[in-house]
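Below: the structure, in structure tokens.
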Amino acid sequence: MAKTKTAFFCQNCGAQYPKWVGQCSSCKQWNTIVEEIVQKEEKKSWKSDNSPSKRTSRPLKLSEITNEKEIRLDAKDLEFNRVLGGGIVPGSLILLGGEPGIGKSTLLLQIALKLQYKTLYVSGEESQKQIKMRAERIHPNSETCFILTETKTQNIFQHISSVEPDLVVIDSIQTLHTDYIESAAGSISQIRECTAELIKFAKETNTPVILVGHITKDGTIAGPKILEHMVDTVLQFEGDRNYVYRILRSLKNRFGSTAELGIYEMQGSGLREVNNPSEVLISKNEEDLSGTAIAATVEGMRPLLIEIQALVSTAVYGTPQRSATGFNAKRLNMLLAVLEKRAGFKLAAKDVFLNITGGISVDDPAIDLAVLAAILSSNADIPIEKGVCFAAEIGLAGEVRPVQRVDRRILEAEKLGFNRIFVSKSNKIGLKNTGIQVQLVSKIEDVISNLFG
Ligand code: TYD
Ligand code: MG
């Protein structure tokens with residue numbers, strides 16, 4: 001048996017060392033050196049090693065490559081399909097990251113149960129009984145989903161050979177370990193090696209594999225960055241645990257756009273797809289309340305109307321408080337400075353609190369105008385008229401700037417029964433004969449006189 005050869009690599013810059021050292025001498029980082037395998041024993045892990053003819057590829061001219069529409073597995077989940085760009089591509093490796101308790105296991109178990117194909121759900125975190133309890137809440141009858149609790153890749157591959165599933169779910173990659181590496185499960189070389197084995201399996205059998213990945217304190221997927229390069233698709237499941245809405249985004253997708261977004265609602269019986277998010281994100285208050293404004297945003301390709309609430313009150317302390325939930329605090333400060341300088345509002349002695357309802361966070365600059373309107377409305381204690389919404393960015397000179405995909409925003413607002421939308425004068429609007437009044441504005445003064453005039 002050939003002996004395994006290892007070397008030490010800096011995880012930061014990639015420098016190689018024959019021995020472990022505390023500090024990398026090329027990038028000066030501490031504790032970044034990790035032992036990794038450079039040449040390993042003959043692998044028995046994924047069997048098709050001895051059939052090299054199976055996957056030999058030869059150079060082809062572009063014209064010779066057929067691009068028949070690839071068949072995708074329907075995940076039976078509109079939001080999930082949408083984020084993937086139309087379903088699960090056979091042979092692809094999908095990595096799903098997200099904070100603990102956000103619902104990653106629930107989402108994947110739900111998909112595995114609903115799918116009409118044979119699926120194997122491998123969990124290294126929960127027992128079969130626990131999974132059964134969860135499954136009973138979600139979708140009790142499934143004849144095609146197999147549950148396995150196992151963490152050793154070699155054993156998993158054995159079970160895969162006997163079950164022959166059409167989809168494999170691994171929860172989570174950090175719990176897996178392979179015999180070919182000494183280090184503990186969850187270490188960088190284990191994660192990298194287990195992923196490599198799974199990729200090999202996926203590509204050779206054309207079976208899609210979905211991996212759950214834990215994330216670190218600063219929000220990136222735990223393990224080497226290289227993990228994200230190795231897989232075909234990286235999805236992120238996010239949301240505020242105190243709220244019911246969850247957003248599924250794609251950060252990388254080799255088979256579709258990364259602009260798509262899926263929205264779910266966590267319920268007692270699993271995650272419900274939210275196909276019409278604008279309706280749930282806007283509260284249906286009968287009374288007019290000051291300090292709320294509706295913004296027409298676009299998340300990815302999807303128009304979304306969201307409600308923004310602001311509270312402006314006299315500062316209790318010398319330094320006024322500024323706090324924003326779901327919105328960039330620096331951007332809030334900038335907008336306040338613009339109001340102070342360009343529109344003469346004395347907000348320096350006021351506390352300002354801003355909140356995007358539903359616990360979602362938005363970084364579309366087009367919500368600037370709605371944020372500003374909410375602040376002004378709270379400051380003056382005058383509610384904004386019903387049926388009004390906003391879609392524009394604010395510049396430092398107090399000008400109202402155009403936004404992308406304005407037509408989609410206008411259409412969505414119209415669909416939800418709004419009757420007036422404020423957009424920038426410089427926006428090119430392709431729509432004709434809309435049922436909604438499009439109010440073109442160029443400066444914040446125009447907006448102020450129009451709303452509170
Ligand atoms: P889970 O899928 O275990 O999260 P992760 O795998 O990302 O760590 O999510 C568990 C949370 O979801 C838990 O706090 C309970 C909640 N939940 C529901 O509200 N309804 C349900 O039907 C299920 C299965 C879980
Ligand atoms: Mg889990």
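Cβ coordinates are placed from backbone N, Cα and C, and glycine is handled just like the others.
As recorded in TrEMBL, the features of this protein are as follows:
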BINDING   GLY98, GLU99, PRO100, GLY101, ILE102, GLY103, LYS104, SER105  ATP binding site
DOMAIN    69-215  domain 'RecA family profile 1'
REGION    351-453  region 'Lon-protease-like'
MOTIF     252-256  motif 'RadA KNRFG motif'
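Positions of TrEMBL features highlighted on the structure.
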| residue | record | Cβ contacts under 8 Å, 6 or more apart |
| --- | --- | --- |
| GLY98 | ATP binding site | LYS104, ILE215, GLN236, PHE237, GLU238 |
| GLU99 | ATP binding site | ILE215, GLU238, ARG241 |
| PRO100 | ATP binding site | HIS214 |
| GLY101 | ATP binding site | ARG241 |
| ILE102 | ATP binding site | PHE237, GLU238, GLY239, ARG241, ARG246 |
| GLY103 | ATP binding site | PHE237, ARG246, TYR264, MET266, LEU271 |
| SER105 | ATP binding site | SER123, GLU125, GLU126, ARG134, ASP171, VAL212 |
Listed in sequence order, the binding-site residues from GLU99, GLY103, SER105 whose CB sits under 6 Å from ligand 1 are GLY103, SER105
Output field, ATP shell: CB within 8 Å of site CB centroid, site GLY98, GLU99, PRO100, GLY101, ILE102, GLY103, LYS104, SER105 dropped: PHE237
Does DSSP put SER105 (ATP binding site) in a helix, in a strand, or in coil? helix
Of ILE102, LYS104, SER105, which binding-site residues come close to ligand 2, meaning Cβ under 6 Å from one of its atoms? LYS104, SER105
PRO100 (ATP binding site), DSSP three-state class -> coil
DSSP says what for the motif 'RadA KNRFG motif' (252-256): how many helix, strand, coil residues? 0 helix, 2 strand, 3 coil
Cβ contacts within 10 Å for LYS104 (ATP binding site), all chains included, total 25
